[in-house]
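In what follows, a structure is listed as structure tokens, so that the remarks can point back to it.
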Amino acid sequence: GFFQSYAVEVDVKDASNATCLYAKWMMRFLIKYETNSSDYKNASLNLSSNVTHNGSVCGNDTQAALLAVQFGEGHSWSINFTKSNETYQGDFITFTYNTNDTAVFPDAKRKGPITIVVRDTMRPVQLNNVFVCHNADFFEAENVTQIFWNVTVQAFVQNGTISKKESRCRADAPTSAPTVPPTIANVTTASTTTLSPSPTTGPRPVENPETGNYSLKSGNKTCLLATVGLQLNVSQDKPLLININPKTTSADGTCGNTTATLKLNDGNSTLIEF
């Protein structure tokens, strides 16, 4: 099942009440945390309908712009933007989640806020252009996967008016299919960002997926082994079948006393967790 996640819209004003920083986007966080029994659980942290943006800053030629939001029980996220003479770009993303939020992190061993910082991979955007990316983008660091989609952002807005000129992300190239936002469930989770087949005169048959052997080690011992062929059936305007190629897919994850997680990444923005 898909979890509800709300769109965030932030319109930061300067001293003259003109828009200087604008963003609208959706995001979700998949977090692996340790419990008091030394097992690891997966949590899904989604935005609520009540989001504040205290601390957001317009920025200027000498000061970075800052887009900051707060939500839920002590969670926060921010990104700062820097600019050159002709372009602006995201610099660092800072995410803080609070494991005292027992609704999201039941039985968490470590209590209190935990902060991670990752460098944004956003390409430089021409000043007076708005950056748009409908497909999902992923950032993974320190047991946290951050997922963003339907992003519209413009830093250092000129004359208080959002530009009509767009700079699109690579994933939004004309051949890209819409993204299915990643999910996390109790047993199996799957998310896809894929390229659709080139147009043809008729549907092309999809062969059975190739069987792959995926394993995890705990020390020098294998703790999880999966031999499986994987095919994703994505429901959209036109159903899309995707075979996971084991030759280009890497396996990662963890083994606990009572639970294990297998994460498969095909290197092309398809992420599957069991």
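Residue numbers in this text run from 1 along the chain shown.
Backbone N, Cα and C define each Cβ position, glycine as well.
Because TrEMBL annotations are produced automatically, they should be read as predictions rather than curated entries.
Each of CYS133, CYS223 is a candidate, yet TrEMBL gives the disulfide link of CYS169 to CYS133. Cβ neighbour count within 10 Å across all protein chains ranks CYS133 highest among the disulfide-bonded residues CYS133, CYS169.
Here the domain 'Lysosome-associated membrane glycoprotein 2-like luminal' (209-274) has, by DSSP, the following mix of helix, strand and coil residues: 3 helix, 38 strand, 25 coil.
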